[in-house]
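Trainee: Below, the features straight out of TrEMBL:
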- Cys172-Cys179: disulfide bond (DISULFID)
- Cys259-Cys264: disulfide bond (DISULFID)
- 50-288: domain 'G-protein coupled receptors family 1 profile' (DOMAIN)
- 332-352: region 'Disordered' (REGION)
- 35-58: transmembrane segment (TRANSMEM)
- 70-92: transmembrane segment (TRANSMEM)
- 112-128: transmembrane segment (TRANSMEM)
- 149-169: transmembrane segment (TRANSMEM)
- 189-210: transmembrane segment (TRANSMEM)
- 231-254: transmembrane segment (TRANSMEM)
- 266-287: transmembrane segment (TRANSMEM)
Amino acid sequence: MGNVYSEYLSPSKVKEHYNYTKENLDTTETPSRQVASALIIMLCCAIVVENLLVLIAVARNSKFHSAMYLFLGNLAASDLLAGVAFIANTLLSGSVTLGLTPVQWFAREGSAFITLSASVFSLLAIAIERHVAIAKVKLYGSDKSCRMLLLIAASWLISLVLGGLPILGWNCLGHLEACSTVLPLYAKPYVLCVVTIFSVILSAIVALYIRIYCVVRSSQADVAGPQTLALLKTVTIVLGVFIFCWLPAFSILLLDYACPVRACPVLYQAHYFFAFATLNSLLNPVIYTWRSRDLRREVLRPLQCWRRAAGVQGGRDGTPGHRLLPLRSSSSLERGTHMPTSPTYLEGNTMV
């Protein structure tokens, strides 16, 4: 067993694998690379801030301690950690990469895989919750809180296992011919496994939302007219953003599996595809807060407090007239999903 992990602390292994898979190892910090790194870090900082605001909003208001908001908070937590992991990944890239030991390299890449996969699993959990709430016309009561926590724990456990497989031994150390070009210490079969799992998750999310679509379209009493349009609009946004952000990354990983070493130059630009996939973590809180009036108000509350404080300190009279404009009384989603004739559907303003 010791022989399997004997190379994990070797300072030359990372460079050896990069020399094998890359055409050149030019790690010079050019101005364009520095600008790109700065932009990525700024993007990740925005991800951290907005998801932190969502977490604070969910935690501080007991009104949001329901099934939908619990899953939403889990999504925000995974997206926040994804932003942190990608900042670390960016700072440890470039010229720093070749100075890493394999265990440090696995930790760098594994953290990004864990958090990004947790974000994807959170989207699946939300789709499952929506299917239960819409198709089954049931709510999660207090007696089902254990089930919700188990679902969240399972998503993180699977993510930890998935991201930790390479450091546990599923890698290509000692087998250069089996190495990925995009991730030179990862074995190609592992890359294919990850892409397959994510593709299955995407298919499951699509299937669940198609099922919801069918239920909404077939309903005549409880769900009609505006309700159908509102739900279909949300489904379109969620699926469209997910596919738009992740499809390029999935494609580049599939190409990585299929291409022989140094045969596909586009693989050397894969970091741009992963940076683009990270946009999903930026857009998720925007989508869900936009579609929920109450959550939007709670998320904006710190900004309102700051605006009022600035008005008092820097304004001429510090009167309430310097407040932010009030939010609309109801969003299109809430108008389309609030159904007073069917109590089992009432969840405040949580429909997404």
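For all residues, glycine too, the Cβ spot is worked out from N, Cα and C.
Help me understand the surroundings of these features in the structure.
Mentor: The Cβ of Cys179 (disulfide bond) lies under 8 Å from the Cβ of His17, Tyr20, Thr21, Cys172, Leu185, Tyr186, Ala187, Lys188, Val261, each of which sits 6+ residues away along the same chain.
Listed in sequence order, Thr181, Leu255, Asp256 are the same-chain residues at least 6 apart in sequence whose CB falls under 8 Å from the CB of Cys264 (disulfide bond).
Beyond the transmembrane segment (35-58), the same-chain residues lying 6 or more positions past its ends with a Cβ under 8 Å from any Cβ of the stretch are 64-65, 69-70, 72-73, 76-77, 79-80, 82-84, 86-87, 90-91, 93-94, 275, 278-279, 281-282, 284-286, 288-289, 295, 298-299, 301-302.
Counting only same-chain residues 6+ beyond the ends of the transmembrane segment (70-92), those with a CB under 8 A from a CB of the stretch are 37, 40-41, 44-48, 51-52, 54-55, 58-59, 64, 100, 104, 108-109, 111-112, 114-116, 118-119, 121-123, 125-126, 129, 148, 152, 155, 159, 275, 278, 280-282, 284-285, 288, 295, 350, 352.
Within its own chain, the transmembrane segment (112-128) has Cβ neighbours under 8 Å at 68, 71-72, 74-75, 78-79, 81-82, 84-86, 89, 151-152, 155-156, 158-160, 162-164, 194, 197-198, 201, 204-205, 208-209, 238, 242, 246, 274, 277-278, 280-281, 284, 352, counting only residues six or more beyond its boundaries.
Tertiary proximity for the transmembrane segment (189-210) is limited to same-chain residues at least six positions away from its ends with a CB under 8 Å from its CB atoms, namely 113, 117, 120-121, 123-124, 127-128, 130-131, 162, 165-166, 170-171, 178, 180, 182-183, 235, 238-239, 242-243, 246, 250, 253-254, 256-257.
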Trainee: Among the disulfide-bonded residues listed here, Cys172, Cys259, whose Cβ has the fewest other Cβ atoms inside 10 Å?
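Mentor: Output over disulfide-bonded residues Cys172, Cys259: least Cβ neighbours within 10 Å is Cys259.
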